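The structure appears right after this line, and notes come after that.
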Amino acid sequence: MSKEISFDTIEDFTSNLSKHPAYGVAANAAQTNGIFKASQSTQSKVDLDPTFSVEIDTGSVTNQKQSGRCWMFSALNTMRHSIQKEFKLKGFELSQSYTFFWDKFEKSNFFFENVIGSADKPLGDRKVSFLFATPQSDGGQWDMLCGLIEKYGIVPKKVYPETANSENSRALNDTLNTMLRKGGLELRALVNEGKSTEEVEAHKAELLDAIFRMLATSLGLPPKSFNFEYTDDDGNYHIDKDITPQDFFKKYVGWDLENYISVINGPTADKPYNKVFSVEYLGNVVGGRQVRHLNLELSKFKELIINQLKQGEVVWFGSDVSKGGDREAGLLDTKIYQRDQLFDYDFSMSKADRLDSGESMMNHAMVITAVDLVDDKPTKWKIENSWGDKSGFKGYFVMSDEWFDQFVYQAVLNKAFLPEDVKKAYDEGKENPIELLPWDPMGALAFDF
């Protein structure tokens, strides 16, 4: 039975304020400076100095500007580091706009296929509503980028540079989502009118033709081949003529992307450890690589990341940067904002409770480039972000180990460095992963909620 808030109750609450001695000072501080500034601790700057015992040199950072391409920038950063080192190309960047174009195009087809497949359900069905709420966004996953690279390859940034619409993607997303919603309703109508598969597919092709034209107009037409011309750090001139994006990846990166797998730490009741999971409606390339995550206990999760760093390879990872972060200082720490002291309230929650209640979810991908080990235990981590070089330590952030425990959810690891039991668990589960609901927090990096 519901009960309203009475004015007597409000009077009691008002009287209770006097029981909190720091209320007056806290109120002045919060109202003058805002909650976060008023509760900010300076100790994090002391504890998180950028010194590390295991560190990989990765050079200058990139800048995703006003777009949600963190997952793409971070993944391409792991690859460009390899190119920079092997071919002596300091400052080299891969084109994030190139993979952005093909991601938008493939996501459009992915959306239409899901709309056609769910056309028998009412628009009010939760899954259908989920599809139409955000037909596509800038977000994505490591496996989704692998699917794009396996199909389209990659190119240097100077071959397919940024545009106004890749650097600030709001108008592009608004335009594309309008086209997708309109087209999606048309496809649903055709299916429900009993039109043939051929007629439905013909209309989908017309819709994709219009979308391709819009993307080419907004971002430029991606190259089928190009000349890769550069001078290396030793002053030597090179030219690789008429190379395709697919061959560029094979020649200059050369990774077998199947050897890189996603592991997560999702300590919720619906995700048993050592099992592989996928997320419904999460993907981009129809018929391409499926998003798959192997769930591991935190201690194992962390141990494997440290081992990869020791082997000299950086680690792509997904986290929740909306919690405990100071963007200007470049710090990620659970103690940086002490709201419990400001409000005399216990804000603590378990990692599982945050995930289950919507308090936390993956919303940003970055790259781990270093760890500081004291007595063989991690104390802090160095993070390559993609927000430009004006924040943090020339664009790098320092993450406390406690923040890692609470807000790091995913990492991509090279199978070459994994123990046999972890490889076996992944290989046994990857063909028939447990499918999570579309709105699961382990899929949140790819969606706008």
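Cβ coordinates come from backbone N, Cα and C, glycine included.
Features as listed in Swiss-Prot:
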type	residues	note
ACT_SITE	CYS70	active site
ACT_SITE	HIS364	active site
ACT_SITE	ASN385	active site
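Close to CYS70 (active site) in the fold, though at least 6 residues off in sequence, lie GLN64, HIS364, ALA365, MET366, SER386, each with a CB less than 8 Å from its CB. In the three-state DSSP assignment, the secondary structure recorded for CYS70 (active site) is helix. The Cβ of ASN385 (active site) has VAL61, GLY330, MET366, SER391, GLY392, GLY395, TYR396, PHE397 as same-chain neighbours under 8 Å, each 6 or more residues away in sequence. Within 10 Å of the C-beta of HIS364 (active site) we count 21 further C-beta atoms, all protein chains included.
ASN385 (active site) falls within neither a helix nor a strand when secondary structure is assigned with DSSP, and so counts as coil.
Mapped onto three states, the DSSP output places HIS364 (active site) in strand.
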